[in-house]
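Asker: Got a structure for you, questions after.
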Amino acid sequence: MTVGKLMIGLLIPILVATVYAEGSPAGSKRHEKFIPMVAFSCGYRNQYMTEEGSWKTDDERYATCFSGKLDILKYCRKAYPSMNITNIVEYSHEVSISDWCREEGSPCKWTHSVRPYHCIDGEFHSEALQVPHDCQFSHVNSRDQCNDYQHWKDEAGKQCKTKKSKGNKDMIVRSFAVLEPCALDMFTGVEFVCCPNDQTNKTDVQKTKEDEDDDDDEDDAYEDDYSEESDEKDEEEPSSQDPYFKIANWTNEHDDFKKAEMRMDEKHRKKVDKVMKEWGDLETRYNEQKAKDPKGAEKFKSQMNARFQKTVSSLEEEHKRMRKEIEAVHEERVQAMLNEKKRDATHDYRQALATHVNKPNKHSVLQSLKAYIRAEEKDRMHTLNRYRHLLKADSKEAAAYKPTVIHRLRYIDLRINGTLAMLRDFPDLEKYVRPIAVTYWKDYRDEVSPDISVEDSELTPIIHDDEFSKNAKLDVKAPTTTAKPVKETDNAKVLPTEASDSEEEADEYYEDEDDEQVKKTPDMKKKVKVVDIKPKEIKVTIEEEKKAPKLVETSVQTDDEDDDEDSSSSTSSESDEDEDKNIKELRVDIEPIIDEPASFYRHDKLIQSPEVERSASSVFQPYVLASAMFITAICIIAFAITNARRRRAMRGFIEVDVYTPEERHVAGMQVNGYENPTYSFFDSKA
């Protein structure tokens, strides 16, 4: 009994220690690797993951409900200042988080299930996936594609549905992970594991196992060889991929793009040097063989030339392809940043208008409106610069890109006009802000945009193209309550509405929230017709009112190039008139600049009567020249008089004193009896 009690006393602590050792890893495994994550829920304060593995509420009241990707990236950097946050990615599943606080701060008692965002620290590394038995691993990766997390999740599901297991079972996605990032929360591919819905029948496997042993051995050998080759390829691909594709540094995007181009050119130069070195070795071999076997040497030379040309052409094609990939990624990142800036500027402008209702603040509204105009104009300038670059680099791609340029330039002006139209709900604010904003818009465009209407630039072909001239010409019908002016000939050529709709659908990526605001405004309904601009004369009837000029009706008279063209244009204009009768016509207050030529004619954009300005400048030109000549004559006469006076003053003789002031002083002292002590000293010595 004593021995038994002693054994029990020794075994109990051992069992307790064993249970604790087995249980402690399970409990601490949750916090074994810290993952920086942030979570958002509108109406509540943001939360972020601490290093202990618990969710913490943000202390700031205004840090709430972020939806833009750039805002989320900035918040990640703010929540984790010690980390190098370079990108974000949605978490793979929703997480239930408790203790959500209202924006006011308390109480903190709500629980929500949200999908947090993983803040990528440093270089992006894809998650390692486990492949269970009877499951298959696969991946989809293309540098030409750049899509978000949800797209690659759906793509993984589609790929697994097309696969079959060994037992001819349908397969589903077990796990997946996105691959290399190409932009903010955008990725180039996905890797996934597909598993069968049901486990395979073990009895069937045992029956066929003995018959298929030999085949399995061969398949295993083949799979080993294939895996070795694929491993070699996988090892080569990351080394050849430029770091620019892996990490997106939004603050230094332009510098990173230039460095990536330099690295790409350096790699291409090294490859060409290597080929030239091989060519030199082959040339030496050819010369040696030519002395021994001339026919064989000529055959070898022809093969060598063909191989060399093929190698050089493949290197050039690879270099062009890599350059296009880098430019495409750069364009996408820049456009994403521009869209994010426009979105932020629109949000600030609307918030300033909402604040102005309770607390008038004209300065804040004006500053936010200027910031929005700057964001739109930067997008416009970027579009023009990209088109100019494509004209120099690839004319075919530039021709394909031209409709997008037309669409973007048109909608940039429409969005800015729609933003200005939001001021109509505040008459006092509109009277103060609108003239300043319109003047600032014109001055800023004059400053940042090239003078395309005068300058002989690369955009000249697109300016003189008829299709490009259609981008901002609007024919807006007046309400039925106004007096109808006398109609003139209207041979305008009207584009079908289906074309404009398809154009909008093709470029939804560049749409902004301002378009939706304009469309949703109840007292604004307009019929827009895009008209060819080759006018002989344009007559505009303007109804004068107290607040703003209102465009009543415009009639355009175009040149007659062809009889067929005239007939088609007249029929199209008649059909449009019939449609206008069936549509309820409402008044639309628009800027006078809309009825002027397109936005790229920047001098005429914001001037209602450019003829007056031109006539005024021609009248004052002689006066300016006469005043300049008069001032020049006065300057010449004054210079001549001054020069004559100087010459007159220089005439005569000037007495020159050969003695220095010291010598004159010593001579004066000697006259008064002064003797040099040095001389007297030497006289006494002698």
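Residue numbers in this text run from 1 along the chain shown.
The backbone N, Cα and C atoms fix where each Cβ goes, glycine too.
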Asker: Between Cys160, Cys182, which residue forms the disulfide that Swiss-Prot gives for Cys194?
Answerer: Cys160
Asker: Would you mind checking which of Cys76, Cys101, Cys182, Cys195 shares a disulfide with Cys135 in Swiss-Prot?
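Answerer: That record, Swiss-Prot, gives the partner as Cys195.
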Asker: Considering the candidates Cys42, Cys101, which is the cysteine that Swiss-Prot reports in a disulfide bond with Cys65?
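Answerer: Among Cys42, Cys101, the record in Swiss-Prot lists Cys42 as the disulfide partner of Cys65.
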Asker: Of the ranges 146-151, 470-475, 674-679, which one does Swiss-Prot flag as motif 'YENPXY motif'?
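Answerer: Feature motif 'YENPXY motif' in Swiss-Prot: residues 674-679.
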Asker: Please give the average pLDDT for the topological domain 'Extracellular' (22-621) in this predicted model.
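Answerer: Computed over the topological domain 'Extracellular' (22-621), the mean pLDDT is 68 on the 0 to 100 scale.
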